[in-house]
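The block underneath contains the structure these notes are about, expressed in structure tokens.
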Amino acid sequence: MRLSTRNALLGVIRNSRYVSYRHGHAYIAWRCYSDAKNRTYDDAINLLNTLQTPYAELKRQWDAGIRRGQEDLDHTKQCLGRLGYTENDLTKLNIVHVAGTKGKGTVCGYVESILGEYRKLALDSETRDLHQISLHKNIGLYTSPHLISVRERIRINSAPISEELFTKYFFEVWDKICEPDADGKQPVSPKPVYFRFLTLMSFHVFLSESIDVAVYEVGMGGQYDATNIIKRPSVTGISSLGIDHTFHLGNTIESIAWHKSGIFKGSTPAYTVQQPWPAMAVLSERAYQRRARGFHCVDENPSLKDVKIKPDATFQRQNASLAIALARKVLLKVNRDNVDLEEELKAPGLPERFVRGLESIASRGRCEVRVDGNTVWYLDGAHTADSIIVASKWFCDEVKDKPEPRVLIFNQQGHRETIELLERLFAATERQLKFDHVIFCPSTPPASSTKKDHVNLQTDLEAVASLTVQQKFADKWQELSAERWPGSKTEIKVLPSLEEAFDYVRSIGSTGTESERVEGEKVRVFITGSIHLVGRALNVLEGVDAL
Ligand SMILES: Nc1ncnc2c1ncn2[C@@H]1O[C@H](COP(=O)(O)OP(=O)(O)OP(=O)(O)O)[C@@H](O)[C@H]1O
């Protein structure tokens, strides 16, 4: 047997869970093939979850002051090398790279939706003109976190990749990075953490699936984020800045701006929206230092007055304006010789396809409204000081002219400034409405849940079980209500699970028969404070985890 074949076979044997020396090589090879084929989506998710940093370790890092740094980026690059790619390979993806404290996910979604409209025309071109400027390209989108399924994070042409594709690519990456290879070369040590692994996997998926334009949302910060191994994006954008993730990014707007602007790259156009002045000064300085090709601040696009942006709010028009600028830039870049497209994009006003892209998007868990029998659910995963105000205003606008009852379901356990978040929510709503029922509950799934996409090892499970955080929220709400509405009859509940919160809501709405109820008598429930809470709520509403 040639040496390389022998080594390969030994590697296979080492990786196999079903080795039988009695039956010889043929048997071993068959079992391995079968094993590889039998690795399921659930196997992939279970292994992926082992890459989460458990709460105890996170706490140790916090206490020791261990923050993200250059070594994290170096490790990501090392893993990319193990996958057989160089940073230059990523250039083929014509990446739109977006950072920001709030709105980055929305901006990425808008860009993808606009590009998708150009792609669609390639399929259903009705006129010659449309055909000429259609974009025969595949579009990838990488976002985080997920709401319902991990697969949502990696999308191709607007759809999450299938379980089958996810499993295939997951194990291709896992086997190369986290297992010894056929020649006995040891895995990368340490293994990449959860987000880093998925980022690497997204590169592998997009490069393997011939993606022409990939839109990347930064996970946290920018400078040391795993996505920042992208060396030559086509364009970069920074959405609204505010205070979040202060442990890693610092607690001033300047230091946060410094981290976010780490995505600016030489020879790449850099865009942002109006920011508080100290942040803008840092962005502009960093764009210059990092030799970005121009630094542009995008004002609200005047053409948006004729576009039905949802929700119709200033913050969303700001997100849309940034997305328009980014989409324009990348469209021009990947269709460099398309004169018709250039003409369309440079003409005054918004091209029809941009309008369609902006209007057709349905962002899950962001200002989302769902009607379920006599309950209307208003879901928004806001979890920062600025976004909780935006989300609260949105809810008030939606329901202020509609009759009670109104219910709030709130949770937040990952951040430190959680009471402040609740105070902001109270302040943002109290002038316009009073909640009749306020529920605080953890968002962790029940132990019996079979869906592993929501396993969160980063939560302090002792705190979840003891409900201390939720009790603090309840005390605070009680205090604020008593000051604002002495003698208030608001029902404040601490419940051990989201499932029980839903039962409680249904009990509120169970008076009268369905036919007796009219639109105005619906129970209106605002769920906010955490993207995990909103994701779990959507799971429950969609019956993924039956109550
Ligand atoms: N420009 C903005 N300014 C303030 N709040 C915003 C803005 N854009 C969105 N939001 C609020 O933040 C919520 C989350 O939006 P989005 O997912 O786009 O932000 P994000 O930056 O991706 O946040 P994260 O990933 O941390 O959840 C929205 O539902 C809305 O309430």
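Note: Cβ is positioned from N, Cα and C throughout, glycine not excepted.
The Mg(2+) binding site annotation in TrEMBL covers SER144, GLU217, HIS245. Taken from TrEMBL, the feature ATP binding site applies to ARG366, ASP380.
Everything TrEMBL records as a feature, shown here on the structure.
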residue	record	DSSP (3 states)
SER144	Mg(2+) binding site	coil
GLU217	Mg(2+) binding site	strand
HIS245	Mg(2+) binding site	coil
ARG366	ATP binding site	coil
ASP380	ATP binding site	strand
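Comparing GLU217 (Mg(2+) binding site) with ARG366 (ATP binding site), their Cα atoms are 16 Å apart once rounded.
Neighbours of the Mg(2+) site: apart from SER144, GLU217, HIS245, residues of the same chain with C-beta atoms within 8 angstroms of the site's C-beta centroid are LYS104, GLY105, THR143, PRO145, PHE195, VAL218, GLY219, MET220, ASP225. For ligand 1, the nearby binding-site residues are ARG366, ASP380; that is, of HIS245, ARG366, ASP380, these have a C-beta under 6 Å from one of its atoms.
Each residue contributes its Cα atom, and for ARG366 (ATP binding site) and HIS245 (Mg(2+) binding site) those atoms are 20 Å apart. Between the CA atoms of HIS245 (Mg(2+) binding site) and ASP380 (ATP binding site) there is a gap of 19 Å. Geometry remark: SER144 (Mg(2+) binding site) versus ASP380 (ATP binding site), CA distance 15 Å. Here the binding-site residues are HIS245, ARG366, and the one ringed by the most other CB atoms within 10 angstroms is ARG366. Here the Cβ of SER144 (Mg(2+) binding site) has 21 other Cβ atoms within 10 Å, regardless of which shown protein chain they belong to.
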